[in-house]
Amino acid sequence: MASLPKPSVAPKTQVSVVLGSQWGDEGKGKLTDILAADVDICARCAGGNNAGHTIVANIGPDNVKTKFDFHLLPSGLVNPRCIGFLGSGVVVHVPSLFSELDTLEKKGLKCDGRLFVSDRAHLVFDFHQVVDGLKEVELGGSSIGTTKKGIGPAYSSKASRSGLRVHHLYDFELFANKFRKLVEGRFKRYGNFEYDTEGEIARYRAFAERLRPLIVDGVTFIHSALASNRRILVEGANALMLDLDYGTYPFVTSSSTGIGGVCTGLGIPPLAIGTVVGVMKAYTSRVGAGPFPTELFDETCVHLQEVGAEYGTTTGRRRRCGWLDLVMMRYSCLINGYTCMNLTKLDVLDGIKEIKVATGYRYQGKELTSFPADLSVLAKVEVEYKTFPGWEGPISEVTEYSQLPDTCRAYVEYLEDFMGIPITWVGVGPGRLSMLRR
Ligand code: IMP
């Protein structure tokens, strides 16, 4: 086929991936922002507007410090030379896409001609969001605690082969018929919830026109970029422990949030990927329900929540917090094959007298040799901890790794040894400059 680019062997540095290694909210945004300064394309491969990245950047000729919240759009758009791409594995809620785009533009970030969407990406509709809420109500006490953005229901439509993709918008009569059938199916399942089907179809007729210039054949787009030596940063959404297969199922999101999702979500082969950075917070947090072996309920939890500002950017919910779990991290490292790590929010541990990390799980008196698939086991594991002396701090003004207190470096180096992966980046504060490169 003459129109498709020939497969190319990407140089090791051409495609970099940033992935959350825990339960999300590791602070991927800051590293993505730093790395996006040097790339041509920043791509999302999975998830939808359930993700949340806040980036503070100086923009415009007057370098005005501006805060940007990204949920669906790739946060690399903050770099005015970077192109944003939503790959085939992403689920797109078109009204949210435009409202996010309009907010960026209002804040002075010109995005015209800088955002492209794969024609194979699936659409999330408002009825998916309604169904997300209804499903949660149905689950009652065992609800997942979803973001209610319709992500699970949209991926369900995709998996059941009744979903609508971006390209369907361009044969509008066919789109409208399929859409009516899809909504009918949901009415049958959940009863006649309030929903203006025809009004929604009319809105999508207008959206389709606005979206048209952004649509590309996702495979041609990404492979042409590879063939012309464009540097690509893949921005992971959510995190490995929320992965549909390898996370703490069913308390997960509905997409492949690990390295596998990068290949399927962008249509690129594994060998195209050079660097895989795992982002790991110096402690653990989790939003929503599900077992969390190192969870804390004492004043240290309050310290982590308050000092770490552990409130969801997408939902505003207070996050559950606990010690860093190296059993989980080893599992995460095996699956994603990180080539290096970014340890984040180390400064949040300043002032804690004794810092613990989980190094083993025991179940019914026996050491577990793997991370359990069965949540009833995970909920009952006894956690073995290693305790470290803390440091006073503050460490957020430190600019060189060697200037960190000895006890702080001992903590970092223990984590590195345990995982067998270099910690190349250490985040010591919220600012863009508070990132130590080793
Ligand atoms: P959903 O992705 O809205 O279906 O939510 C499924 C689970 O994933 C819930 O526990 C959410 O709180 C969690 N979740 C989804 N996205 C994120 C994220 O970006 N950070 C943290 N948790 C998330």
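Just so you know, glycine gets a Cβ as well, placed from its N, Cα and C.
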Residue from T146, T147, T300 that TrEMBL also lists as binding IMP with D25, E26, G27, K28, N50, A51, G52, H53, R161, N238, T253, R317: T147
Pairwise CA distance, R319 (substrate binding site) versus K158 (active site), rounded so that it is a whole Å: 30
Cβ-based isolation winner (fewest other Cβ atoms within 10 Å) among the recorded positions K158, R317: R317
Winner by Cβ contact number (other Cβ atoms within 10 Å) across the recorded positions K30, H53, R319: K30
Spatial neighbours of G316 (substrate binding site) that are distant in sequence (at least 6 apart) but have CB under 8 A: none
R318 (substrate binding site) and K30 (GTP binding site), Cα-Cα, nearest whole angstrom: 21
Close-lying recorded positions around ligand 1 among G24, N50, K158, R318, V428, where CB distance stays under 6 Å: G24, N50
Site with most surrounding Cβ atoms, counting all protein chains shown within 10 Å, from the binding-site residues G24, G27, G52: G24
